[in-house]
Amino acid sequence: MEVKIKQVDEVKISRYIIKETMEDWYQFVESDVVIVGAGPSGLSAAYYLAKAGLKTLVFERRLSFGGGIGGGAMLFHKLIIEKPADEILREVNVRLKEVEEGVYVVDSAEFMAKLATAAIDAGAKIIHGVTVDDVIFRENPLRVAGVAVEWTATQMASLHVDPIFISAKAVVDATGHDAEVISVAARKIPELGIVIPGEKSAYSERAEELTVINTGKVAEGLYAAGMAVTEVKGLPRMGPIFGAMVLSGKAVAEEITKDLLKSEIRT
């Protein structure tokens, strides 16, 4: 095959990448919402928040999105979705196979790819390779007001490097089972009054509903979604059924949208 490829030298490659990257960081250093974790609940939240017109930034410590979706069920590449979560997947064009009334099997790769694409197309910004290791807080009134971030590679190398800060009107902990952001806030800002009982063992039927019901605000400016909810509220886990994860993301997005529009503090 004969093809004429545009020639681009190394200096231009570097300049364009640096310039465009810095412009993104400059724009999103003040965000409406920062979501920590690009798993199913984080991506679902990002999709609905961005659709609502909020400046939404997602930090993911790994170099890929999807969180627990990619691992499927013990590395099997299929997952379960149940009603009414199927409506969200249909909205982002994920194909579902109904195996009994109201119960569906989905392909894990398609699920995470299309959910992430939907969030990006709605306007959310996803940045990989960044770890959130602390929060910003303010007093009068006491609230969480953003996050401190560092390159994941820097932390893995155990280098002593200070973070940079990202302001946000709302921070969503979508980090999964350990609720890492809320755990840091609970430990370092005891005035917030956050008590974390820890996640219980599996009870799928109850866990799905309880996770969605308990999704939302943990402290002013700080919210829990997905498996972080089970950790913070002492709820059972559910395994490779993901309906509650995407429903939790939608629920937290709706709550934040109402809170920010009500207080009229959007960026």
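The count begins at 1 with the first shown residue.
From the backbone N, Cα and C atoms, a Cβ is placed for every residue, glycine too.
Per Swiss-Prot, NAD(+) binding site is recorded for Ser41, Glu60, Arg61, Gly68, Val132, His160, Val161, Asp162, Met227, and the stated evidence type is sequence analysis. Packing around Met227 (NAD(+) binding site) is summarised by its Cβ count: 30 other Cβ atoms lie within 10 angstroms of its Cβ, all protein chains included. Met227 (NAD(+) binding site) carries a helical DSSP state (H, G or I).
In this structure, His177 (Fe cation binding site) belongs to neither helix nor strand by DSSP; it is coil. A simple way to gauge crowding: the CB of His177 (Fe cation binding site) has 14 other CB atoms within 10 angstroms, across all the protein chains here. Sequence annotations record features per position, and here Swiss-Prot assigns Fe cation binding site to Asp162, His177.
Feature annotation from Swiss-Prot assigns glycine binding site to Arg237. The Cβ neighbour count for Arg237 (glycine binding site), using a 10 Å radius and every protein chain shown, is 16.
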Distance check against His177 (Fe cation binding site) for the binding-site residues Ser41, Arg61, Val132, Val161, keeping those with Cα within 10 Å: none
Listed binding-site residues (Val132, Val161), ranked by Cβ neighbours within 10 Å, top entry: Val132
Proximal but sequence-remote residues of the same chain as Arg61 (NAD(+) binding site) (Cβ under 8 Å, at least 6 apart): Gly129, Val130, Thr131, Val132, Thr152
Integer Cα-Cα distance in angstrom, Asp162 (Fe cation binding site) to Ser41 (NAD(+) binding site): 29
Protein Cβ atoms within 10 Å of Ser41 (NAD(+) binding site), excluding its own: 36
